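K.L.:
Sharing a structure with you now.
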Amino acid sequence: MPPPLQAHRMLLSHRRASPIPRRRFTAVSSLSSAPAKTLAPGPPASSILSIRESLLSGERTVADITSEYLSRLRRTEPSLRSFIHVADAAAEREAEELDRRIASGGRDAVGPLAGVLVGVKDNLCTASMPSTGGSRILDGFQPAYDATAVRRLREAGAIVVGKTNLDEFGMGSTTEGSGFQVTTNPWDDSRVPGGSSGGSASAVSARQCVVSLGSDTGGSVRQPASFCGVVGLKPTYGRVSRFGLMAYASSLDVVGCFGSSVFDTATILSVIAGHDKMDSTSSSHDVPDYRSDLASLSLLESKPLNNVRIGIIQETLGEGVDAGVISSIRSAASHLEQLGSVVEEVSMPSFSLGLPAYYILASSEASSNLSRYDGIRYGQQVSADDLNEMYGDSRANGLGHEVKMRILMGTYALSAGYYDAYYKRAQQVRTLVKKSFEEALGKYDILISPAAPSAAYKIGEKTNDPLAMYAGDIMTVNVNMAGLPALVVPCGFVEGGSAGLPVGLQMIGSPFSEGKLLRVGHIFEQTLPDLSFVPPLLADD
(Lines of atoms letter the chains of each structure in order from A and count residues from 1; the text may use other names and numbers.)
(Lines give C-alpha, C1' and ligand atoms only; values in the text may rest on other atoms or scores of the structure.)
Protein backbone atom coordinates (compact mmCIF):
# COMPACT_ATOMS: atom_id res chain seq x y z
CA MET A 1 0.00 0.00 0.00
CA PRO A 2 1.14 3.60 -0.58
CA PRO A 3 2.36 5.46 2.52
CA PRO A 4 -0.57 6.39 4.78
CA LEU A 5 -1.69 9.99 4.51
CA GLN A 6 -1.49 10.62 8.25
CA ALA A 7 2.12 9.43 8.45
CA HIS A 8 3.19 12.13 6.03
CA ARG A 9 1.02 14.86 7.47
CA MET A 10 2.98 14.41 10.69
CA LEU A 11 6.20 15.22 8.84
CA LEU A 12 5.16 18.77 8.06
CA SER A 13 2.56 19.80 10.61
CA HIS A 14 1.42 23.40 10.71
CA ARG A 15 3.26 23.84 13.99
CA ARG A 16 6.64 25.43 13.40
CA ALA A 17 9.88 24.49 15.07
CA SER A 18 10.36 28.12 16.05
CA PRO A 19 8.34 31.28 15.44
CA ILE A 20 8.36 32.83 11.98
CA PRO A 21 7.09 36.42 11.65
CA ARG A 22 3.54 36.55 10.38
CA ARG A 23 4.05 38.41 7.10
CA ARG A 24 7.40 40.05 6.46
CA PHE A 25 10.27 37.58 6.72
CA THR A 26 12.93 39.16 8.94
CA ALA A 27 15.11 36.29 10.08
CA VAL A 28 18.27 37.35 11.87
CA SER A 29 21.39 36.89 9.76
CA SER A 30 25.07 37.45 10.25
CA LEU A 31 25.31 39.12 6.84
CA SER A 32 26.17 42.79 6.80
CA SER A 33 23.81 45.44 5.44
CA ALA A 34 26.34 46.61 2.83
CA PRO A 35 25.32 46.69 -0.86
CA ALA A 36 24.91 43.24 -2.31
CA LYS A 37 27.80 43.47 -4.72
CA THR A 38 30.27 43.92 -1.87
CA LEU A 39 29.22 40.70 -0.14
CA ALA A 40 31.26 38.27 -2.19
CA PRO A 41 34.71 38.27 -3.75
CA GLY A 42 33.36 37.06 -7.08
CA PRO A 43 30.89 34.77 -8.84
CA PRO A 44 31.29 31.00 -9.17
CA ALA A 45 33.36 30.42 -12.29
CA SER A 46 31.55 29.20 -15.38
CA SER A 47 33.37 26.10 -16.54
CA ILE A 48 31.69 26.28 -19.95
CA LEU A 49 32.79 29.89 -20.53
CA SER A 50 36.30 29.10 -19.34
CA ILE A 51 36.58 26.15 -21.72
CA ARG A 52 35.28 28.16 -24.66
CA GLU A 53 37.63 31.08 -24.04
CA SER A 54 40.64 28.80 -23.71
CA LEU A 55 39.80 27.05 -26.98
CA LEU A 56 39.24 30.25 -28.94
CA SER A 57 42.43 31.80 -27.62
CA GLY A 58 44.45 28.71 -28.50
CA GLU A 59 45.56 28.40 -24.88
CA ARG A 60 44.26 24.82 -24.65
CA THR A 61 42.99 22.09 -26.92
CA VAL A 62 39.91 19.92 -26.53
CA ALA A 63 42.24 16.97 -26.07
CA ASP A 64 43.94 18.71 -23.13
CA ILE A 65 40.62 19.49 -21.46
CA THR A 66 39.29 15.98 -22.03
CA SER A 67 42.47 14.45 -20.64
CA GLU A 68 42.19 16.60 -17.50
CA TYR A 69 38.61 15.52 -16.77
CA LEU A 70 39.26 11.86 -17.61
CA SER A 71 42.28 11.84 -15.31
CA ARG A 72 40.18 13.19 -12.46
CA LEU A 73 37.40 10.74 -13.25
CA ARG A 74 39.75 7.76 -13.16
CA ARG A 75 41.23 8.93 -9.87
CA THR A 76 37.92 9.51 -8.09
CA GLU A 77 35.68 6.90 -9.65
CA PRO A 78 36.84 3.93 -7.53
CA SER A 79 35.42 5.63 -4.44
CA LEU A 80 32.47 7.51 -5.99
CA ARG A 81 31.14 5.02 -8.56
CA SER A 82 29.19 7.79 -10.32
CA PHE A 83 29.27 6.09 -13.72
CA ILE A 84 27.87 2.78 -14.92
CA HIS A 85 29.68 3.14 -18.24
CA VAL A 86 32.63 5.40 -19.13
CA ALA A 87 33.30 6.06 -22.82
CA ASP A 88 36.84 7.33 -22.34
CA ALA A 89 38.25 6.08 -25.65
CA ALA A 90 35.33 7.53 -27.60
CA ALA A 91 35.67 10.83 -25.74
CA GLU A 92 39.35 11.06 -26.64
CA ARG A 93 38.56 10.37 -30.31
CA GLU A 94 35.84 13.03 -30.35
CA ALA A 95 38.23 15.50 -28.72
CA GLU A 96 40.84 14.92 -31.42
CA GLU A 97 38.23 15.36 -34.14
CA LEU A 98 37.05 18.63 -32.58
CA ASP A 99 40.62 19.90 -32.46
CA ARG A 100 41.03 19.14 -36.17
CA ARG A 101 37.83 21.04 -36.97
CA ILE A 102 38.91 24.00 -34.86
CA ALA A 103 42.33 24.05 -36.54
CA SER A 104 40.78 24.08 -40.01
CA GLY A 105 37.68 26.20 -39.34
CA GLY A 106 38.67 28.50 -36.50
CA ARG A 107 36.03 30.25 -34.39
CA ASP A 108 33.16 29.23 -36.69
CA ALA A 109 33.88 25.56 -36.05
CA VAL A 110 33.43 25.86 -32.28
CA GLY A 111 29.92 25.04 -31.12
CA PRO A 112 28.62 26.56 -27.86
CA LEU A 113 29.50 23.35 -25.99
CA ALA A 114 32.71 22.39 -27.78
CA GLY A 115 35.06 20.64 -25.36
CA VAL A 116 32.37 20.34 -22.66
CA LEU A 117 32.25 16.85 -21.16
CA VAL A 118 28.73 15.75 -20.24
CA GLY A 119 27.55 12.87 -18.08
CA VAL A 120 24.18 11.40 -19.08
CA LYS A 121 21.86 9.61 -16.68
CA ASP A 122 21.53 6.02 -17.80
CA ASN A 123 17.78 6.19 -18.35
CA LEU A 124 18.39 8.47 -21.35
CA CYS A 125 19.06 6.58 -24.58
CA THR A 126 22.45 6.87 -26.26
CA ALA A 127 23.18 5.23 -29.58
CA SER A 128 26.90 4.88 -28.99
CA MET A 129 26.88 3.24 -25.55
CA PRO A 130 24.72 1.01 -23.32
CA SER A 131 21.55 2.37 -21.74
CA THR A 132 20.29 0.29 -18.85
CA GLY A 133 18.10 2.52 -16.67
CA GLY A 134 20.14 1.16 -13.77
CA SER A 135 18.37 -2.19 -14.17
CA ARG A 136 19.76 -5.67 -14.72
CA ILE A 137 16.84 -6.42 -17.00
CA LEU A 138 18.43 -4.07 -19.57
CA ASP A 139 22.03 -5.09 -18.95
CA GLY A 140 23.92 -4.67 -22.23
CA PHE A 141 21.04 -3.01 -24.09
CA GLN A 142 22.22 -0.41 -26.62
CA PRO A 143 19.58 1.77 -28.34
CA ALA A 144 19.68 2.64 -32.02
CA TYR A 145 19.22 6.36 -31.37
CA ASP A 146 20.03 9.23 -29.01
CA ALA A 147 17.43 10.84 -26.78
CA THR A 148 16.54 14.29 -28.12
CA ALA A 149 18.28 16.06 -25.24
CA VAL A 150 21.45 14.04 -25.84
CA ARG A 151 21.33 14.63 -29.59
CA ARG A 152 21.03 18.39 -29.10
CA LEU A 153 24.02 18.41 -26.76
CA ARG A 154 26.13 16.51 -29.30
CA GLU A 155 25.07 18.89 -32.07
CA ALA A 156 26.29 21.79 -29.92
CA GLY A 157 29.72 20.16 -29.66
CA ALA A 158 29.45 18.45 -26.28
CA ILE A 159 31.26 15.18 -25.61
CA VAL A 160 29.29 12.50 -23.76
CA VAL A 161 31.84 11.00 -21.39
CA GLY A 162 29.62 8.25 -19.99
CA LYS A 163 26.36 7.07 -18.44
CA THR A 164 25.75 7.95 -14.81
CA ASN A 165 24.36 5.68 -12.11
CA LEU A 166 20.79 5.94 -10.83
CA ASP A 167 18.17 4.18 -8.77
CA GLU A 168 16.63 1.54 -11.01
CA PHE A 169 14.34 3.23 -13.57
CA GLY A 170 14.48 6.38 -11.42
CA MET A 171 12.67 4.79 -8.46
CA GLY A 172 14.54 5.87 -5.37
CA SER A 173 16.06 8.75 -3.44
CA THR A 174 19.59 7.54 -2.67
CA THR A 175 21.04 5.74 -5.75
CA GLU A 176 21.33 2.67 -3.53
CA GLY A 177 18.58 1.11 -5.65
CA SER A 178 20.78 0.73 -8.72
CA GLY A 179 21.03 -2.77 -10.11
CA PHE A 180 24.79 -2.33 -10.54
CA GLN A 181 26.46 -0.33 -7.76
CA VAL A 182 26.02 2.22 -4.97
CA THR A 183 27.23 5.75 -5.69
CA THR A 184 28.73 7.78 -2.84
CA ASN A 185 28.69 11.49 -2.01
CA PRO A 186 31.86 13.50 -2.90
CA TRP A 187 31.51 15.42 0.38
CA ASP A 188 31.61 12.23 2.47
CA ASP A 189 31.91 8.81 0.87
CA SER A 190 29.99 7.21 3.72
CA ARG A 191 26.87 9.13 2.65
CA VAL A 192 24.40 8.93 -0.20
CA PRO A 193 24.46 11.45 -3.08
CA GLY A 194 20.66 11.50 -3.25
CA GLY A 195 18.59 10.07 -6.02
CA SER A 196 17.52 8.98 -8.37
CA SER A 197 19.99 11.14 -10.35
CA GLY A 198 22.71 10.64 -7.75
CA GLY A 199 25.36 9.63 -10.26
CA SER A 200 24.84 12.78 -12.33
CA ALA A 201 25.00 15.04 -9.27
CA SER A 202 28.03 13.29 -7.81
CA ALA A 203 29.90 13.46 -11.14
CA VAL A 204 29.43 17.25 -11.44
CA SER A 205 30.24 17.85 -7.78
CA ALA A 206 33.51 15.91 -8.14
CA ARG A 207 34.26 17.62 -11.50
CA GLN A 208 34.35 14.26 -13.27
CA CYS A 209 32.45 16.04 -16.02
CA VAL A 210 31.50 19.67 -16.63
CA VAL A 211 27.71 19.28 -16.59
CA SER A 212 25.26 16.39 -16.63
CA LEU A 213 21.73 15.41 -17.52
CA GLY A 214 19.30 13.85 -15.09
CA SER A 215 15.58 13.17 -14.91
CA ASP A 216 13.15 14.48 -12.31
CA THR A 217 9.89 12.67 -11.56
CA GLY A 218 9.47 13.78 -7.95
CA GLY A 219 12.70 15.57 -7.07
CA SER A 220 15.34 13.34 -8.64
CA VAL A 221 17.40 16.30 -9.86
CA ARG A 222 16.78 18.76 -7.03
CA GLN A 223 17.38 16.54 -3.99
CA PRO A 224 20.75 15.19 -5.30
CA ALA A 225 21.76 18.76 -6.21
CA SER A 226 21.16 19.74 -2.59
CA PHE A 227 23.02 16.72 -1.19
CA CYS A 228 26.04 17.20 -3.49
CA GLY A 229 26.32 21.00 -3.42
CA VAL A 230 25.66 21.66 -7.11
CA VAL A 231 23.05 23.56 -9.12
CA GLY A 232 20.11 21.48 -10.31
CA LEU A 233 17.25 22.53 -12.58
CA LYS A 234 13.89 20.83 -13.08
CA PRO A 235 12.26 22.58 -16.09
CA THR A 236 8.54 23.09 -16.69
CA TYR A 237 6.81 19.91 -17.86
CA GLY A 238 7.09 19.96 -21.66
CA ARG A 239 9.98 22.45 -21.78
CA VAL A 240 12.47 19.66 -22.67
CA SER A 241 11.60 16.70 -24.88
CA ARG A 242 11.16 13.35 -23.15
CA PHE A 243 11.86 11.42 -26.34
CA GLY A 244 14.45 8.79 -25.48
CA LEU A 245 13.83 8.98 -21.72
CA MET A 246 12.84 5.62 -20.26
CA ALA A 247 9.37 6.24 -18.89
CA TYR A 248 8.70 5.93 -15.17
CA ALA A 249 5.63 8.15 -14.65
CA SER A 250 4.91 9.88 -17.94
CA SER A 251 2.80 12.73 -16.57
CA LEU A 252 5.54 13.64 -14.08
CA ASP A 253 8.87 12.82 -15.80
CA VAL A 254 11.08 15.76 -16.87
CA VAL A 255 14.63 15.86 -18.24
CA GLY A 256 16.72 18.17 -16.04
CA CYS A 257 20.35 19.25 -15.75
CA PHE A 258 23.20 19.82 -13.30
CA GLY A 259 26.07 22.30 -13.29
CA SER A 260 28.58 23.74 -10.87
CA SER A 261 27.16 27.22 -11.55
CA VAL A 262 23.83 28.72 -12.58
CA PHE A 263 25.39 30.01 -15.80
CA ASP A 264 26.44 26.51 -16.86
CA THR A 265 22.99 25.15 -16.05
CA ALA A 266 21.35 27.95 -18.06
CA THR A 267 23.63 27.19 -20.99
CA ILE A 268 22.61 23.53 -21.02
CA LEU A 269 18.91 24.39 -20.80
CA SER A 270 19.24 26.79 -23.74
CA VAL A 271 20.57 23.90 -25.83
CA ILE A 272 18.21 21.08 -24.84
CA ALA A 273 14.91 23.01 -24.50
CA GLY A 274 12.35 23.40 -27.24
CA HIS A 275 9.61 21.63 -29.16
CA ASP A 276 10.26 18.16 -30.52
CA LYS A 277 7.92 16.49 -33.00
CA MET A 278 8.93 13.13 -31.51
CA ASP A 279 7.31 14.07 -28.17
CA SER A 280 3.63 15.02 -28.25
CA THR A 281 3.91 16.54 -24.75
CA SER A 282 6.76 18.92 -25.61
CA SER A 283 5.80 22.59 -25.62
CA SER A 284 6.02 24.94 -28.58
CA HIS A 285 6.86 27.92 -26.30
CA ASP A 286 9.75 29.96 -27.67
CA VAL A 287 13.12 29.16 -26.10
CA PRO A 288 14.96 32.30 -24.96
CA ASP A 289 18.70 32.51 -24.49
CA TYR A 290 18.60 31.89 -20.75
CA ARG A 291 22.10 33.33 -20.37
CA SER A 292 21.19 36.78 -21.68
CA ASP A 293 19.78 38.05 -18.35
CA LEU A 294 22.61 36.67 -16.21
CA ALA A 295 24.61 39.77 -15.36
CA SER A 296 28.09 39.51 -13.87
CA LEU A 297 28.77 40.71 -10.34
CA SER A 298 30.44 43.91 -11.49
CA LEU A 299 27.29 45.01 -13.33
CA LEU A 300 24.84 44.40 -10.50
CA GLU A 301 23.12 47.27 -8.74
CA SER A 302 23.36 47.47 -4.97
CA LYS A 303 19.82 46.05 -4.72
CA PRO A 304 19.53 43.87 -7.84
CA LEU A 305 16.35 42.10 -6.69
CA ASN A 306 14.27 45.22 -6.07
CA ASN A 307 10.54 44.62 -6.63
CA VAL A 308 10.95 40.84 -6.61
CA ARG A 309 8.36 39.28 -4.30
CA ILE A 310 9.38 35.97 -2.75
CA GLY A 311 7.19 33.68 -0.66
CA ILE A 312 8.79 31.22 1.74
CA ILE A 313 6.53 28.18 2.12
CA GLN A 314 5.63 28.06 5.78
CA GLU A 315 4.92 24.31 5.89
CA THR A 316 8.47 23.46 4.77
CA LEU A 317 10.14 24.91 7.87
CA GLY A 318 8.31 22.93 10.51
CA GLU A 319 8.39 19.60 12.26
CA GLY A 320 10.36 16.89 10.46
CA VAL A 321 12.92 19.30 8.98
CA ASP A 322 16.43 19.36 10.46
CA ALA A 323 17.29 22.48 12.46
CA GLY A 324 20.46 23.05 10.45
CA VAL A 325 18.50 23.01 7.19
CA ILE A 326 15.96 25.48 8.57
CA SER A 327 18.77 27.78 9.68
CA SER A 328 20.41 27.70 6.24
CA ILE A 329 17.13 28.46 4.46
CA ARG A 330 16.34 31.33 6.82
CA SER A 331 19.80 32.81 6.26
CA ALA A 332 19.28 32.46 2.51
CA ALA A 333 15.92 34.25 2.80
CA SER A 334 17.57 37.06 4.75
CA HIS A 335 20.24 37.34 2.07
CA LEU A 336 17.55 37.64 -0.61
CA GLU A 337 16.01 40.48 1.41
CA GLN A 338 19.35 42.27 1.54
CA LEU A 339 19.45 42.03 -2.25
CA GLY A 340 16.25 44.07 -2.36
CA SER A 341 13.50 41.47 -2.57
CA VAL A 342 10.47 41.33 -0.29
CA VAL A 343 10.34 37.93 1.42
CA GLU A 344 7.16 36.92 3.20
CA GLU A 345 5.84 33.68 4.58
CA VAL A 346 3.05 32.00 2.66
CA SER A 347 0.91 29.12 3.90
CA MET A 348 0.02 26.27 1.54
CA PRO A 349 -2.16 23.92 3.64
CA SER A 350 -2.39 21.33 0.85
CA PHE A 351 1.41 21.00 0.69
CA SER A 352 1.58 17.87 2.87
CA LEU A 353 -1.13 16.13 0.82
CA GLY A 354 1.05 15.91 -2.26
CA LEU A 355 3.39 13.17 -1.10
CA PRO A 356 0.93 10.27 -0.69
CA ALA A 357 -0.93 11.36 -3.84
CA TYR A 358 2.35 11.44 -5.75
CA TYR A 359 3.31 7.90 -4.80
CA ILE A 360 -0.10 6.58 -5.85
CA LEU A 361 0.05 8.33 -9.23
CA ALA A 362 3.72 7.57 -9.93
CA SER A 363 3.35 3.90 -8.97
CA SER A 364 0.19 3.57 -11.06
CA GLU A 365 1.89 4.97 -14.14
CA ALA A 366 4.96 2.83 -13.48
CA SER A 367 2.88 -0.33 -13.38
CA SER A 368 1.76 0.46 -16.92
CA ASN A 369 5.04 1.81 -18.32
CA LEU A 370 7.21 -1.04 -17.05
CA SER A 371 5.01 -3.75 -18.55
CA ARG A 372 7.15 -3.46 -21.70
CA TYR A 373 10.05 -5.14 -19.91
CA ASP A 374 8.91 -8.70 -20.46
CA GLY A 375 12.04 -10.40 -21.72
CA ILE A 376 10.90 -10.36 -25.35
CA ARG A 377 11.04 -6.82 -26.67
CA TYR A 378 13.82 -5.55 -24.38
CA GLY A 379 16.52 -6.85 -22.13
CA GLN A 380 17.37 -10.15 -20.55
CA GLN A 381 15.25 -13.20 -21.26
CA VAL A 382 14.96 -16.28 -19.04
CA SER A 383 14.29 -19.64 -20.70
CA ALA A 384 10.99 -21.23 -19.66
CA ASP A 385 8.49 -23.85 -20.80
CA ASP A 386 5.60 -21.45 -21.44
CA LEU A 387 5.14 -17.75 -22.19
CA ASN A 388 3.70 -16.68 -18.83
CA GLU A 389 6.49 -18.42 -16.97
CA MET A 390 9.06 -16.69 -19.18
CA TYR A 391 7.47 -13.30 -18.49
CA GLY A 392 7.43 -13.91 -14.76
CA ASP A 393 10.94 -15.32 -14.48
CA SER A 394 12.47 -12.61 -16.70
CA ARG A 395 10.94 -9.88 -14.55
CA ALA A 396 11.69 -11.66 -11.28
CA ASN A 397 15.37 -12.00 -12.15
CA GLY A 398 15.82 -8.65 -13.90
CA LEU A 399 13.90 -6.19 -11.73
CA GLY A 400 14.95 -5.04 -8.26
CA HIS A 401 12.96 -5.02 -5.05
CA GLU A 402 11.91 -1.35 -5.13
CA VAL A 403 10.71 -1.54 -8.73
CA LYS A 404 8.67 -4.68 -8.03
CA MET A 405 7.13 -3.06 -4.95
CA ARG A 406 6.07 0.07 -6.84
CA ILE A 407 4.63 -1.98 -9.72
CA LEU A 408 2.56 -3.95 -7.22
CA MET A 409 1.41 -0.79 -5.43
CA GLY A 410 0.42 0.83 -8.72
CA THR A 411 -1.38 -2.24 -10.00
CA TYR A 412 -3.31 -2.46 -6.73
CA ALA A 413 -4.30 1.23 -6.89
CA LEU A 414 -5.64 0.75 -10.42
CA SER A 415 -7.50 -2.49 -9.72
CA ALA A 416 -11.27 -2.85 -9.69
CA GLY A 417 -12.76 -1.71 -6.43
CA TYR A 418 -9.79 0.46 -5.47
CA TYR A 419 -9.46 2.82 -8.45
CA ASP A 420 -11.85 5.44 -7.02
CA ALA A 421 -10.46 5.18 -3.50
CA TYR A 422 -6.83 5.63 -4.52
CA TYR A 423 -6.05 6.72 -8.10
CA LYS A 424 -9.09 8.97 -8.60
CA ARG A 425 -8.64 10.61 -5.21
CA ALA A 426 -4.93 11.15 -5.90
CA GLN A 427 -5.83 12.96 -9.11
CA GLN A 428 -8.22 15.16 -7.15
CA VAL A 429 -5.42 15.99 -4.71
CA ARG A 430 -3.20 16.82 -7.67
CA THR A 431 -5.77 19.41 -8.78
CA LEU A 432 -5.75 20.92 -5.28
CA VAL A 433 -1.96 21.13 -5.34
CA LYS A 434 -2.00 22.87 -8.73
CA LYS A 435 -4.58 25.41 -7.55
CA SER A 436 -2.60 26.06 -4.38
CA PHE A 437 0.52 26.88 -6.41
CA GLU A 438 -1.44 29.02 -8.86
CA GLU A 439 -2.82 31.08 -6.00
CA ALA A 440 0.56 31.51 -4.30
CA LEU A 441 2.38 32.34 -7.54
CA GLY A 442 -0.30 34.89 -8.33
CA LYS A 443 0.98 36.87 -5.32
CA TYR A 444 4.69 36.08 -5.49
CA ASP A 445 7.26 35.93 -8.29
CA ILE A 446 9.06 32.98 -6.70
CA LEU A 447 8.40 30.53 -3.88
CA ILE A 448 11.29 29.14 -1.86
CA SER A 449 11.79 26.13 0.40
CA PRO A 450 14.47 23.60 1.32
CA ALA A 451 15.15 21.04 -1.39
CA ALA A 452 15.16 18.25 1.21
CA PRO A 453 14.33 17.95 4.93
CA SER A 454 17.94 17.02 5.73
CA ALA A 455 21.42 17.00 4.33
CA ALA A 456 22.91 13.79 2.93
CA TYR A 457 22.50 10.84 5.28
CA LYS A 458 24.52 7.68 5.73
CA ILE A 459 24.50 4.87 3.18
CA GLY A 460 22.17 2.16 4.44
CA GLU A 461 20.49 4.44 6.97
CA LYS A 462 17.05 4.28 5.34
CA THR A 463 17.14 1.16 3.19
CA ASN A 464 15.00 -0.75 5.67
CA ASP A 465 12.57 2.11 6.23
CA PRO A 466 10.94 2.96 2.88
CA LEU A 467 8.44 5.35 4.49
CA ALA A 468 11.27 7.49 5.84
CA MET A 469 12.93 7.45 2.43
CA TYR A 470 9.71 8.43 0.66
CA ALA A 471 9.20 11.23 3.20
CA GLY A 472 12.46 12.80 2.04
CA ASP A 473 10.71 13.76 -1.21
CA ILE A 474 8.10 15.90 0.51
CA MET A 475 9.76 19.19 -0.51
CA THR A 476 9.87 18.34 -4.20
CA VAL A 477 6.99 16.13 -5.37
CA ASN A 478 4.39 18.91 -5.38
CA VAL A 479 6.36 20.77 -8.05
CA ASN A 480 6.09 17.77 -10.38
CA MET A 481 2.40 17.34 -9.59
CA ALA A 482 1.86 20.95 -10.72
CA GLY A 483 4.27 20.75 -13.68
CA LEU A 484 6.26 23.79 -12.52
CA PRO A 485 9.95 24.71 -12.95
CA ALA A 486 12.27 24.69 -9.94
CA LEU A 487 15.93 25.56 -9.43
CA VAL A 488 18.15 24.40 -6.57
CA VAL A 489 21.25 26.41 -5.66
CA PRO A 490 23.64 25.63 -2.78
CA CYS A 491 23.01 28.03 0.08
CA GLY A 492 24.80 26.77 3.20
CA PHE A 493 26.19 23.91 5.25
CA VAL A 494 25.27 21.73 8.19
CA GLU A 495 27.60 19.68 10.34
CA GLY A 496 28.80 16.37 8.98
CA GLY A 497 31.74 14.80 7.20
CA SER A 498 35.14 16.45 7.27
CA ALA A 499 34.05 19.79 5.81
CA GLY A 500 30.32 20.01 6.48
CA LEU A 501 27.46 18.92 4.24
CA PRO A 502 25.83 21.25 1.69
CA VAL A 503 22.22 22.42 1.80
CA GLY A 504 20.25 23.52 -1.26
CA LEU A 505 17.68 26.30 -1.60
CA GLN A 506 14.74 25.43 -3.87
CA MET A 507 13.24 28.24 -5.98
CA ILE A 508 9.87 27.52 -7.61
CA GLY A 509 8.30 29.57 -10.40
CA SER A 510 5.28 29.77 -12.67
CA PRO A 511 5.20 27.65 -15.84
CA PHE A 512 8.00 28.55 -18.26
CA SER A 513 9.58 31.05 -15.86
CA GLU A 514 12.97 29.33 -15.94
CA GLY A 515 14.61 32.58 -17.03
CA LYS A 516 13.41 34.38 -13.90
CA LEU A 517 14.56 31.53 -11.64
CA LEU A 518 17.98 31.45 -13.27
CA ARG A 519 18.38 35.22 -12.98
CA VAL A 520 17.57 35.23 -9.27
CA GLY A 521 19.68 32.13 -8.68
CA HIS A 522 22.62 33.68 -10.52
CA ILE A 523 22.47 36.84 -8.43
CA PHE A 524 22.08 34.79 -5.26
CA GLU A 525 25.12 32.58 -5.88
CA GLN A 526 27.33 35.49 -6.92
CA THR A 527 26.61 37.46 -3.77
CA LEU A 528 26.60 34.62 -1.23
CA PRO A 529 29.59 35.40 1.01
CA ASP A 530 32.45 33.20 2.09
CA LEU A 531 31.06 29.86 0.92
CA SER A 532 32.80 27.49 -1.49
CA PHE A 533 30.93 24.43 -2.71
CA VAL A 534 33.96 22.41 -3.80
CA PRO A 535 34.11 19.05 -2.00
CA PRO A 536 37.21 18.08 0.02
CA LEU A 537 37.75 15.26 -2.48
CA LEU A 538 39.18 17.92 -4.82
CA ALA A 539 41.56 19.52 -2.33
CA ASP A 540 44.60 18.40 -4.34
CA ASP A 541 43.19 20.10 -7.46
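For all residues, glycine too, the Cβ spot is worked out from N, Cα and C.
TrEMBL lists these features:
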- 64-518: domain 'Amidase' (DOMAIN)
- Lys121: active site, charge relay system (ACT_SITE)
- Ser196: active site, charge relay system (ACT_SITE)
- Ser220: active site, acyl-ester intermediate (ACT_SITE)
K.L.:
Pop the mean pLDDT for the domain 'Amidase' (64-518) in here, whole number is fine.
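P.N.:
Reported value for the domain 'Amidase' (64-518) is a mean pLDDT of 95.
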K.L.:
Sort out the sequence-distant neighbours of Ser196 (active site, charge relay system) for me: same chain, 6+ apart, CB within less than 8 Å of its CB, listed by position.
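P.N.:
In sequence order, the residues whose Cβ lies under 8 Å from that of Ser196 (active site, charge relay system) (at least 6 apart) are Gly134, Leu166, Asp167, Gly170, Met171, Gly172, Ser173, Thr175, Gly177, Ser215, Thr217, Ser220, Pro224.
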K.L.:
Cβ distance under 8 Å to Lys121 (active site, charge relay system), same chain, sequence separation 6 or more: which residues?
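P.N.:
Sequence-distant Cβ neighbours: Lys163, Thr164, Leu166, Ser197, Gly199, Ser200, Ser212, Leu213, Gly214, Ser215.
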K.L.:
Measure from the Cβ of Ser220 (active site, acyl-ester intermediate) and count the other Cβ atoms within 10 Å, all protein chains considered.
P.N.:
36
